[in-house]
């Protein structure tokens, strides 16, 4: 039993996880002895009977644990469901209109809609909801840049490309739409709006295909489906393609994690379980379960919870030695290494007044708008620091900590936290400013990986706080580039125990 609990961590956390695994195995053995089959609803959380869970849930955790035990660092990949051919293809504008009708959103900012009467339509548990297939939520939408010139003006960059920030807005809306398509609630009648409030919890990963470019004069297609469900959360996979010589070519792939809330957004709401019908769908669901477990493990090794590992401590000391003169035995800052820049000198900031036109369907600031503003500030940060045109490679771990109210002052702070060769890791944080006290409340965290044509100056931290930002940026960079899967792994694949 014990050998199945191999975990890949530094000594500081190894024994903690080993102990948790031992307890977990003991509980599983006792349950098997009394012939009661249970599976974890959430890892190391509460328990739930298998007979009331969809096919995907009954096998996903076992597959995920096996995947993690035998993991080797590889680039981020996943199976994809074979997409059906829709009879008609909507535009993203039509999706937005359908979504607005589905939730019964107010037509103006001043209009007040009381959604409290919808509370009675929320089920008490997923057991009350029918299982759903991945195909039930599948949909596609077109951004008609090729045929609508006025729309093209909103998406084109001053360099002749497509604004990725605009695509982030569309991706956010489309992810919400897919979740509403997945939900089937027997309590709700056709004449009533959905009692669910679907909100974005996390953008797990957006990877841009190597060498792929977007043209502002060709249609863009988004397609995707719900790929994993928990009790109240859903993962969606969305693919973006562009028409080139009559063929749809993939440009990027995005993974969003959404959360279902009640009509007043005051509590969670259960969602339909997923049923996997094919081996490919089981593989997709398994990847979603692995993603969830990886997020738990990565969070457990956050620099806000445990110190850096030994190799990271050595790296920080090397950076310190590069800023001093060891012969003088002085801790005073002497000079920067050649072709380097201080981290503090890469900062860019912005302050945004949150107006009603940028609200979502529940009168909060639209998450896609925040992503666009953060992305464009991050791009400008990379542009001014490198003095070259940046190309985005990865967007990962965008965390939505709390909603932003209309009327807020949104403060954005972006800076280069790590560089390697031609790559730059940008961290952007969004906070709401209290104008009375002057305090700030962190609402969002963004991580962007950019590439330029020529090597960029090394980013040098000068304080312990900056050193932790440097290590955090390095961790994100190594994760998205496929160099490692968990922070606690060794520096090289050869360091990982088998």
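Every residue gets a Cβ built from N, Cα and C, even glycine.
Quick look at what TrEMBL annotates:
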- 141-264: domain 'HotDog ACOT-type' (DOMAIN)
- 344-456: domain 'HotDog ACOT-type' (DOMAIN)
- 15-39: transmembrane segment (TRANSMEM)
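Helix, strand and coil residue tallies for the domain 'HotDog ACOT-type' (141-264), in that order: 26 helix, 54 strand, 44 coil [DSSP]. Remark: secondary structure over the domain 'HotDog ACOT-type' (344-456) totals 26 helix, 55 strand, 32 coil, with classes taken from DSSP. Mean per-residue pLDDT, taken over the domain 'HotDog ACOT-type' (344-456), amounts to 93.
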